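Undergrad: Got a structure for you, written out below as structure tokens; questions coming shortly.
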Amino acid sequence: SDSIHPDFRLWLTSMPAKYFPVPVLQASIKMTFEPPKGLRANLKGTWATITDKQWAECSKPRQWHKLLFGVAFFHAVVQERRKFGPLGWNIRYEFNGTDLEMSMETLRMFLDEQEEIPWDALLYVTGQINYGGRVTDDWDRRNLMVALRRFYCPGVLTDSFPFAPEGTAAAATYYSVPDGELSAVRDWVDRLPYDDPVTIFGLHPNAKITFERQETDKLLSTVTGIQPRLGGGGDGMSEEELVTALAEKLKGEVPEQLLRDDAGPETFALNEKGELNSLQIVLLAEMGRFNRLLKRVSSSLNDLGKAIKGLITMSADLDAMYGAMLKNQVPVLWSKVSYPSLKPLSSWIRDLQERVAFMRRWLLA
């Protein structure tokens, strides 16, 4: 339009959101910013943003430099603990640069205005407000405060104070840097190893096994996902025809639900107290779980068939189910309400049939 200046640009910033308008994304030049991976990269990113003016602005330079490094290291630790899943935090918290900036400003203010370092106030404001304001789980809050006390304590003011537990190999690598120039701190960060020992996060060494398995699964899933889908089968069937045929086949293989009305005469017989025994309660609970799974499988197969025909909207869940069925994988939509299993789709259906058959024999006995 002639009314729009040729140099006009509109910048929009947003956190990840599923409801963000797709047409806006399609018509835009998109840039994403993700936090760096690893302590070294995280610390490098932090210290790249700290200027010489910030480094020299406090009235207590030695304490400021030591504690500033401590809170920056703490920020990197709480962010990197997320990669260990529930071993790191029970809930995944989105700690970001704003939390660190507020903590740095709080630290500088306390140092400038107080004769002595107010450790309790620093711990409370940083741990319970700046970072703790995001934490909703009580155990996570306790972990957060334990980690913070490692970086906000009188020992940090000494040289070479270890940030990792004493006696571990990491204690000799990760420590409070000697006071000096800002460039010296950046050089120290550059010499850190790329591979982070789990002890620096306060976790057991076996936590690394869980993390590496998750990373491997993610890599294999990504590689599988980028493989081109086949344009058609050997008999000339299109991709949609293949999925439709598979969905119809699976609908015929899904077992019927387990109904209490079909129970045998002694299955739910009450004891002398007029109550069900523990095994009967277990049976009812398992019936409920299997019925919920069977209902999810049947309804989603029906919805997928309608979506392929254009009768209903192809939702994100149905689209993911479509792709999973092409790769003979169990759809996530089913896995969410299913029992743990690593079987491919064809074997999973047979296993489901056998499990339901066992429950049905128990019900009818």
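Glycine is no exception: its Cβ is also placed from the backbone N, Cα and C atoms.
Curation plays no part in TrEMBL annotations; they are all automatic predictions.
TrEMBL lists 2-32 with the feature domain 'Dynein heavy chain region D6 P-loop'. TrEMBL lists 64-207 with the feature domain 'Dynein heavy chain AAA lid'. TrEMBL lists 214-363 with the feature domain 'Dynein heavy chain C-terminal'.
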Undergrad: Which residue counts does DSSP yield for the domain 'Dynein heavy chain region D6 P-loop' (2-32) in the helix, strand and coil classes, in that order?
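TA: Across the domain 'Dynein heavy chain region D6 P-loop' (2-32), the residues distribute as 5 helix, 0 strand, 26 coil.
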Undergrad: Should anything in the same chain at least six residues away from the domain 'Dynein heavy chain region D6 P-loop' (2-32) have a Cβ under 8 Å from its Cβ atoms, list it; otherwise answer none.
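TA: That would be 94.
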Undergrad: Provide the three-state DSSP residue tally for the domain 'Dynein heavy chain C-terminal' (214-363): helix first, then strand, then coil.
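TA: Here the numbers are 96 helix, 2 strand, 52 coil.
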Undergrad: On the 0 to 100 scale, where does the mean pLDDT of the domain 'Dynein heavy chain region D6 P-loop' (2-32) fall?
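TA: Across the residues of the domain 'Dynein heavy chain region D6 P-loop' (2-32) the model's pLDDT averages 84 on the 0 to 100 scale.
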